[in-house]
Amino acid sequence: MTGSNSHITILTLKVLPHFESLGKQEKIPNKMSAFRNHCPHLDSVGEITKEDLIQKSLGTCQDCKVQGPNLWACLENRCSYVGCGESQVDHSTIHSQETKHYLTVNLTTLRVWCYACSKEVFLDRKLGTQPSLPHVRQPHQIQENSVQDFKIPSNTTLKTPLVAVFDDLDIEADEEDELRARGLTGLKNIGNTCYMNAALQALSNCPPLTQFFLDCGGLARTDKKPAICKSYLKLMTELWHKSRPGSVVPTTLFQGIKTVNPTFRGYSQQDAQEFLRCLMDLLHEELKEQVMEVEEDPQTITTEETMEEDKSQSDVDFQSCESCSNSDRAENENGSRCFSEDNNETTMLIQDDENNSEMSKDWQKEKMCNKINKVNSEGEFDKDRDSISETVDLNNQETVKVQIHSRASEYITDVHSNDLSTPQILPSNEGVNPRLSASPPKSGNLWPGLAPPHKKAQSASPKRKKQHKKYRSVISDIFDGTIISSVQCLTCDRVSVTLETFQDLSLPIPGKEDLAKLHSSSHPTSIVKAGSCGEAYAPQGWIAFFMEYVKRFVVSCVPSWFWGPVVTLQDCLAAFFARDELKGDNMYSCEKCKKLRNGVKFCKVQNFPEILCIHLKRFRHELMFSTKISTHVSFPLEGLDLQPFLAKDSPAQIVTYDLLSVICHHGTASSGHYIAYCRNNLNNLWYEFDDQSVTEVSESTVQNAEAYVLFYRKSSEEAQKERRRISNLLNIMEPSLLQFYISRQWLNKFKTFAEPGPISNNDFLCIHGGVPPRKAGYIEDLVLMLPQNIWDNLYSRYGGGPAVNHLYICHTCQIEAEKIEKRRKTELEIFIRLNRAFQKEDSPATFYCISMQWFREWESFVKGKDGDPPGPIDNTKIAVTKCGNVMLRQGADSGQISEETWNFLQSIYGGGPEVILRPPVVHVDPDILQAEEKIEVETRSL
């Protein structure tokens, strides 16, 4: 072994001066830095000689068969893998992620790279006498793990998680960070990508998100292509590396985004806010985790209540919202959510393009479920009587309709008023469900055969409440907030209340007239439309339209001081949340009056997010041209007070925000350049990020910037003090007889959130209180071990739980996983066999149509992408009844299968209705057929 290693050492010393521009070599720090850090993975190097490396360099990538140069060979003992680098598909990195083989050598330069340590390794270090170090995860030493193929563990032992050390909870920047702050790395422009670079730098300087990827990088696991979360993890690791590279190239992340969203292909300039939404949507989709919830069945319930209220008093409590629909419209203008299924599957059951809008609705529905349960459980909703009116008289005639839905307003649920005060139906908080470890095991009767029908979330009895799928991710934890809007009919005084989840606020920039209305509406009882900036930008008639355009053009060319008072961010917020009269062409359809009525719409925030993203609507796209509103909007660097926009019954404690970063656009609507100003969290200084250039700037420079997107973070000195107190306790390390396991994700919240919420250990526990089998292989990435005194302090301060002293693989989940895996395999094999037989038929007599929406759910289940089987077959969206016959709806999203395949799926899942297509039968006259045969014979004879 020593001799073989000597070959590599001598060879490496010869070729080290040869340095090529390779993707992985961009990550290689200087040589002295590498020598100062010992790599604990050198003991895994197998025996290899110079001749072996030369022979491998003449070969090809074992996956894509591309030839060198710059192939990478795995150095793991008994592994002969050779893969391509980042100049191609980067199969070498994929191999390392899948096998946890960390050491690889470039067969052209013979330089060695360790994926786990994220640094260059010199093999002559292994020849020394220094003992090997145990592998301990450092705070910023990230290990890129991918999702392994699902295998049921054969044993019930778990790796012992690490004990939390002082660095795990320390939030103070050390002296080295203050002198040479990390995170000051630029991003190279790779073809009009300044919009992406500015957006990435703004997100990179959001500590809750970046710290999640740096400290919980092992949780960036997904089997969904193109694995944006892994590319983002890699980028954050490079940007915040202690070696402080001058700039990096975000090629992998950009290629992944372009694969999913065609908008960003090519080299044209794009919108930074659109890129932000697309990126965060993809990260949520890949990182989301399911949390089981219990919900009333039926889903749509209406409550009858009376409201005889003083209208003026109602106006006092609610300012109007031109509306929450502003953000809806902005979102729709920028395109639908961008998701994609894995296009590289070896077996596509039915070739069909993924319906991105449906997937968008699915996620919006998931996020809706997240916020519904959080809002209702904490009692902040409670029909919001006080927020609507302080004088409410109840009788049995009038109605308050409570709606809860997502931003797209696609999924609406009306809630019983008596349910709103029934906490046992919903969990006590979003992150903690006290029944997760106390619930009885799921039914073991999980499809023992093909005969019994299986229905999703099937209840044992009609009276049982059904389980509803709820999802959360680090994205929703950080950026999701809730708006409560209310529409009051001015005829019958009926009030309809709606909860909407938002990830950013798209604020209008009020003009001079709008500012005058906002500032003059100091009397809250007057019903005045005082913030409908949309009206100012949508005049009726061509003459007014042209004059408005000329006016805005002149305004954009003349300094803002010439036109009147300075517009502040508070003005934009007031315009967004202002009272909105619904009249004229915009009358309210009252469900009680059954007519169009005049109404008033109010809007306030029920829950503020940890990081508030504010988008200023500077770009307006007219019929034939686009314009940019260049009005300067002043914004505070610290102390943004959002108390005036908070709902009265909101449980929010912290409503003050400090600025983290701001994205600016210089230029016109058709061309321009994006930069970002960001505050470094380690030294609290402001920097300008202009592609690969990073420059320190003053606070006044930031305040004078033309803001387009702003990121604000909740400010809490109390949270800072609490973190320091816990860090000091951890540094003392009192001896204790018991050790407690705690979620890494929650610890990240504790370190970076102003309001971390109750402790939640449910991300590594199943509903039975054990570790799910699929998480057993990487449990050390999910938990840390705390001494008893630290746990006691955290638990007494934040509550939650459950307390965990012992980790074990859940036997019940293991049995269920084996059953469900067997079911997947059987259903998939039978479908493939039946579908192949169907494809061989030349002219089938009948076709059975099936909803592609349902089929995609079933396909995700049998391929292991979704843990739950779909519900009954639902063909109602593709079927239409004419003259008593069920026919295929024109343009329906449907697929064609054989009768045998339909019977197979229907026998398992049930549902319907049957939609049958019968190809028309062409009757041929025998005389004509005989004449054609005669002509054919004569032709052949010639």
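Placed from the backbone N, Cα and C atoms, the Cβ positions cover glycine too.
Feature annotation from Swiss-Prot across S146, S377, S417, S693 places phosphoserine at S377. Of the residues H91, H95, Swiss-Prot puts just one in the Zn(2+) 2 site with C61, C64, C84: H91. As annotated in Swiss-Prot, phosphoserine applies, among S439, S461, to S439. Geometry remark: H41 (Zn(2+) 1 binding site) versus C64 (Zn(2+) 2 binding site), CA distance 28 Å. Listed in chain order, the extra residues whose Cβ falls within 8 Å of the Cβ center of the Zn(2+) 2 site residues C61, C64, C84, H91 are T60, Q62, D63, K65, V66, L71, G83, Q88, V89, D90, S92. If you take the C-beta of H91 (Zn(2+) 2 binding site) and look for same-chain residues 6 or more apart in sequence within under 8 angstroms, you find C61, Q62, D63, C64, G83, C84.
For the recorded Zn(2+) 1 site, residues C39, H41, C114, C117 set the reference point as the centre of their Cβ atoms, and the other residues of that chain within 8 Å of it by Cβ are P40, L42, Y102, L103, Y115, A116, K119, V121.
Confidence annotation: the domain 'DUSP 1' (717-810) carries a mean pLDDT of 89 in the model.
The Cβ of C194 (active site, nucleophile) has 23 other Cβ atoms within 10 Å, all protein chains considered. Among the recorded positions C39, C114, C117, C194, the ones whose Cα sits within 10 Å of the Cα of H673 (active site, proton acceptor) are C194, in sequence order. Mapped onto DSSP helix, strand and coil, the domain 'DUSP 1' (717-810) counts 45 helix, 16 strand, 33 coil. On the backbone, the CA of C114 (Zn(2+) 1 binding site) and the CA of C194 (active site, nucleophile) stand 31 Å apart.
Distance noted between the C-alpha atoms of C39 (Zn(2+) 1 binding site) and C194 (active site, nucleophile) is 36 Å.
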